[in-house]
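To start, the structure under review is shown below, and the notes come after it.
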Amino acid sequence: MKNMPKSFENGYEKGTCLDNGVVDGGENPYLFPEVQVVEVKEINGANGDSQYETNSQESDESGSNDISTDLNEKPRAAWGGQMEFILTMVGYAVGLGNVWRFPYLCYKNGGGAFLLPYTLMLAAVGLPLFYMEVGIGQFASLGPLSMWRMNPLLKGLGYAMVIVSWLIGLYYNVVISHVLYFLYASFTTELPWASCGNDWNTINCRDANAKTVANNTFSNTTTGVPAAMSLHTNTTRTPSEEFYRYHVLQQTDSIDDFGTIQWHLALTLFIAWVVVFLVLLKGIKTLGKVVYFTATFPYVMLTVLFIRGVTLPGASVGIEYYLKPNFERLLDPHVWSDAATQIFYSLSACTGGLIAMSSYNKFNNNCFRDSLIVCFVNCGTSVFAGLVIFSVLGFMATEKGVDVSKVADGGPGLAFVVYPEALSRMPIAPMWSVFFFIMMATLGFGSEFSYVETFLCAIGDEFPQFLRIRKNNIIFRAVMLGSAFLLGLPMVCNGGIYLLNIVDFSVGGFPLLVVGLLELVGISWIYGMDKYSENVQMMIGSRPGKYWIICWKFLSPFIIALTIILNIAMYKEPTMDDKKYPAWANSLAWLISMFPIVAIPAWFLYKYCTVGGFEVLRENMKPLPSFGPVKEKRYAEMEAEIKNHFNPAFTRLMGSQVSNTTSSTEFSPQSSTLNLIKSRSSGESNV
């Protein structure tokens, strides 16, 4: 046979394939009668669509490769260059969370004490998971759903990843809508949050000159302060805090008073989704060009803000609080739990995005090198952003005469209260505010593009025969992003910030940890570490070192499992402004957390119950013949397809390329498989 290797190994024996088609060297050799290669022009299914293509990796679970001959259909996209991939991954991993989530965790956990567990968790969990996901996505050239051809019964993990990405994408764009409104408000001669005395200010407002607005009567018919918002005369707030709470959000006192849609935020949310649609209209072809700006501009602005921050009075107090560790805090298990959880959130691991983005890589790309680069850039950005924000926190603490730990609330408040406060103190404040919120928008969009593309990529890989047609793909993307806009509207109501906080709290914890643990077990122990190491060697020329093997098989799963146990044992209900949520809201938080997790056992039980039997369970825990690198000649398909003919249950579950072929050509299984391999190896088959 042309280009046929002289030996192969099947699931039962080794043999040598002779030129006459006889497999010799085994106890019960397969005999292949000499046949003539037949050129198959087209094999049609019930719907008349082409169901088979010999040289494509873009297939569904049945193993049949669905590539239409429609001239409007396009093949799977690829990055225009290696720099596009690296910048996209940096933009994906480096997002708004680096600006407020990481600094807030440092602020909450005693400053510099948090850096030690964060670094250890990066080495033991973050880097190994990042490297594994990038490697498996690049090897399979498939999205987070189709990638689980390596183990079809664990495909629920892929669904869990996609659900998490979709949920994050929904609320992430709401935060971006806040950024866009701040950007709009910055185009003025004087920043509206620079002083008290505006319609939305309360008697608690106190600006830098110790001026208050005690004479304001706050008639709810003329001000932006919601009627339900109580005033606390013993609480002092900065103008930037009141601008965000009472003008931008028009926040109510609790989630029970949900209010109505704030149309100024609904408009900016619509603009945000339009931007996402336009950038992702052609998938990664446009995304790869946009990231040259979105991934680099934030570093310019962070540097400018750092220079300004360290020149403010009291900045050294904040930086000292940030860098000086309190080692007693290391005895608190909450600190270690927060560090492990932040690693997942910071690196965007276990959301499917790393698999989706790396699936567009060239097969021989050095994924190990890229993983190290992106991880260190991302974590370095988090630490640098912490320096920027703590210099400002020190300044604010000095002005208020309080400790740094008492300055600001966590979450988005750091980005929409602390930074604007610092901007208002800068010369030519509106100009710097415009630049800052452009930076925030680019940080947000850089991650949002990847979250949404992860979902779209996963669906596209599941239905390539439909969504690779340009018109269908555009319609699909428009419908999905339009639906996402509608789903985000409740989060721009008066009480929407409470709902946003619940979604953020629920998605960023248990789902990511559970997916990470099962992903490590599925790849390291079920798929097999030897197989995965061989996959990596095929791509980069060398097998992973012992350190990575130990992490993947033992250390990382142990740490994640321990973190899950700690999170359960120390579980605290979500809060907002130091207020607890009502019982129904806590139940909603649990439902959101369990939504992605339930997809894992649900898919497993569905597949097991619809087919049944231990034999099918065993067979379906093995990789499908269609799993592997694009355009690689994988002759192991021969034995798998032959086996399918003698295993009716397995054939019903995953389908058979050979059965489709024989139904149209009346070939025997053996001759059909031989023709398939000959045509694949010679590249002469036409569809």
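Yeah, the Cβs are placed from backbone N, Cα and C, and that goes for glycine too.
Here is what TrEMBL records for this protein:
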- GLY91, ALA93, VAL94, ASN98, SER346, ASN378, LEU443, SER447: Na(+) binding site (BINDING)
- 47-57: compositional bias 'Polar residues' (COMPBIAS)
- CYS196-CYS205: disulfide bond (DISULFID)
- 46-71: region 'Disordered' (REGION)
- 661-687: region 'Disordered' (REGION)
- 85-103: transmembrane segment (TRANSMEM)
- 115-136: transmembrane segment (TRANSMEM)
- 157-184: transmembrane segment (TRANSMEM)
- 261-281: transmembrane segment (TRANSMEM)
- 290-323: transmembrane segment (TRANSMEM)
- 343-360: transmembrane segment (TRANSMEM)
- 372-397: transmembrane segment (TRANSMEM)
- 428-446: transmembrane segment (TRANSMEM)
- 474-499: transmembrane segment (TRANSMEM)
- 505-527: transmembrane segment (TRANSMEM)
- 547-571: transmembrane segment (TRANSMEM)
- 583-606: transmembrane segment (TRANSMEM)
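If you take the Cα of LEU443 (Na(+) binding site) and the Cα of CYS196 (disulfide bond), they are about 30 angstrom apart, rounded to a whole number. Long-range contacts of the transmembrane segment (583-606) within the same chain: residues 153-157, 159-161, 163-164, 167, 255, 498, 502-503, 505-507, 509-511, 514-515, 518, 573-574, each at least 6 residues beyond the stretch ends and with a Cβ under 8 Å from a Cβ of the stretch. Applying an 8 A CB threshold to same-chain residues 6+ apart, the list for SER346 (Na(+) binding site) reads ALA93, GLY97, ASN98, ARG101, PHE102, GLY126, ASN378, CYS379, SER382. Listed in sequence order, the residues VAL90, TYR92, GLY95, GLY97, SER348, THR381, GLY446 complete the 8 Å Cβ shell around the Na(+) site centroid, once GLY91, ALA93, VAL94, ASN98, SER346, ASN378, LEU443, SER447 themselves are left out. For the transmembrane segment (343-360), the most Cβ-contacting stretch among 85-103, 157-184, 261-281, 547-571 is 85-103 (pairs under 8 Å). Here the transmembrane segment (428-446) does not touch the transmembrane segment (505-527). Their Cβ atoms form fewer than 3 pairs under 8 Å, with each pair 6 or more residues apart.
Within the same chain, residues at least 6 positions away in sequence whose Cβ sits under 8 Å from that of GLY91 (Na(+) binding site) are VAL291, THR294, ALA295, GLY446, SER447, PHE449, SER450.
Beyond its flanks by at least six residues, the transmembrane segment (505-527) meets 125, 129, 132-133, 136, 150-151, 154, 157, 160-161, 163-164, 167-168, 171, 340-341, 344-345, 349-351, 552-553, 556-557, 560-561, 563-564, 567, 574, 589-590, 592-593, 595-597, 600, 621, 623 of its own chain at Cβ-Cβ distances under 8 Å.
Within 10 Å of the C-beta of SER447 (Na(+) binding site) we count 24 further C-beta atoms, all protein chains included.
Note: the stretches the transmembrane segment (547-571) and the transmembrane segment (372-397) are not in contact (fewer than 3 CB pairs below 8 A, sequence gap of 6 or more). Listed as Cβ neighbours of the transmembrane segment (261-281) (distance under 8 Å, sequence separation of 6 or more from its ends, same chain) are residues 173-174, 176-178, 180-181, 184, 248-250, 287, 290, 445, 448-449, 452-453, 456, 474, 477-478, 481-482, 484-485, 488-489, 492-494, 496. Across the candidate stretches 115-136, 290-323, 474-499, the maximum count of CB pairs under 8 A to the transmembrane segment (85-103) is reached by 290-323. With respect to their backbone Cα atoms, CYS205 (disulfide bond) and VAL94 (Na(+) binding site) stand 34 Å from each other. Residues of the same chain lying 6 or more positions beyond the ends of the transmembrane segment (115-136) and with a Cβ under 8 Å from any Cβ of it are 89, 106, 147, 150, 325, 330, 335-336, 339-340, 342-344, 346-347, 349-350, 354-355, 358, 367-368, 370-372, 374-375, 379, 383, 516, 519-520, 523, 532, 535-536, 539, 544, 548, 551-552, 555-556, 559-560.
Of the candidate ranges 157-184, 372-397, 474-499, 372-397 contributes the most Cβ pairs within a distance under 8 Å of the transmembrane segment (290-323).
Most Cβ neighbours within 10 Å, among the recorded positions ALA93, CYS196, CYS205: ALA93 holds that distinction in the structure as shown.
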